[in-house]
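*Asks:* Relevant sequence annotations retrieved from TrEMBL are reproduced here:
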ACT_SITE  Asp73  active site, proton acceptor
BINDING   Ser10, Arg11, Asn12, Ala13, Lys14, Lys15, Ser74, Phe157, Gly158, Tyr159, Asp160, Lys180, His185, Arg186  substrate binding site
BINDING   Asp44, Asp73  Mg(2+) binding site
Amino acid sequence: MKAPTLVIGSRNAKKRDELVGLLAPRGIEVKTLADFPDLTHEVDEDGDSFEHNARKKATEYAKALGHWVLADDSGVCIDALGGAPGVYSAHYAGKHGDDAANNALVLEKLAGLPPEKRGAHYVAMLVLADPEGSVRAETRGECHGRILTEPHGAGGFGYDPLFEVREYHRTFGQMGPAVKRAISHRSRAMRAMLPHVVRLVKPT
Ligand SMILES: O=P(O)(O)OP(=O)(O)OP(=O)(O)OC[C@H]1O[C@@H](n2cnc3c(O)ncnc32)[C@H](O)[C@@H]1O
Ligand SMILES: [Mg+2]
């Protein structure tokens, strides 16, 4: 019996590490795109929903690799900004993955707003595609909180130093990876995804 390969379809190293860290304790071994240095395919994330972009990443990487792929599309939705940056979170300030500029722009846009008007939530959409590139499972997780007026902590990535988790009164930047693994939008989506992975990605 040969175990099929499951690949994490993300180019973001910190997100990728979180996904690997959520699967490893369940005994699910994965590869990442770093294991396929010859893969040149770039996904154009031009959808206007997390679902659309997560499906694109999962199906396109699966077809290109001929392996099972688990992809994540995620972002932060800020109430006072009508849900922005949402699907545009990775490049809100212009340059892809420029966390410092993205965070500065969010703070600028929310300047002067009191705590009760700074509500926000993270969304993570996970999509599992089979080696032929068909979507086999989709799950979504959310994590609610608010955007502080300045960064706290250096953990996590992206908007984490600004995002205070409701009920915890701490940012993901202050919490460390184990707590984030327990309560984040990504961990909630993964909890729902795990049974699908176990059921579908089986030795043949
Ligand atoms: O598309 P891939 O290759 O997976 O990598 P990416 O970083 O471009 O990922 P997305 O397109 O899904 O954009 C997600 C962005 O949303 C933000 N984000 C998502 N999850 C986050 C988290 O757990 N903590 C902080 N910021 C997060 C952060 O700015 C991410 O770059
Ligand atoms: Mg992306």
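Cβ coordinates are placed from backbone N, Cα and C, and glycine is handled just like the others.
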*Asks:* For the recorded positions listed here, Asp44, Asp73, which shows the highest count of neighbouring CB atoms within 10 A?
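*Replies:* It comes out as Asp73.
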*Asks:* Say you check the Cα of Asp73 (active site, proton acceptor) against those of the binding-site residues Ser10, Asp44, Gly158; which is nearest?
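*Replies:* It is Ser10, whose Cα lies nearest.
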*Asks:* Give me the count of other Cβ atoms within 10 A of the Cβ belonging to His185 (substrate binding site).
*Replies:* 23
*Asks:* In the structure shown, which of the binding-site residues Ser10, Asn12, Ser74 has the fewest other Cβ atoms within 10 Å?
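*Replies:* Fewest other Cβ atoms within 10 Å, among the binding-site residues Ser10, Asn12, Ser74, is found for Asn12.
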*Asks:* If you measure Gly158 (substrate binding site) to Asp44 (Mg(2+) binding site) at Cα, how many Å is it?
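*Replies:* Here the two Cα atoms lie 20 Å apart.
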*Asks:* As a check: which entries in Asn12, Lys14, Asp44, the binding-site residues, place their Cβ less than 6 Å from an atom of ligand 1?
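*Replies:* Only Asn12 meet the Cβ criterion.
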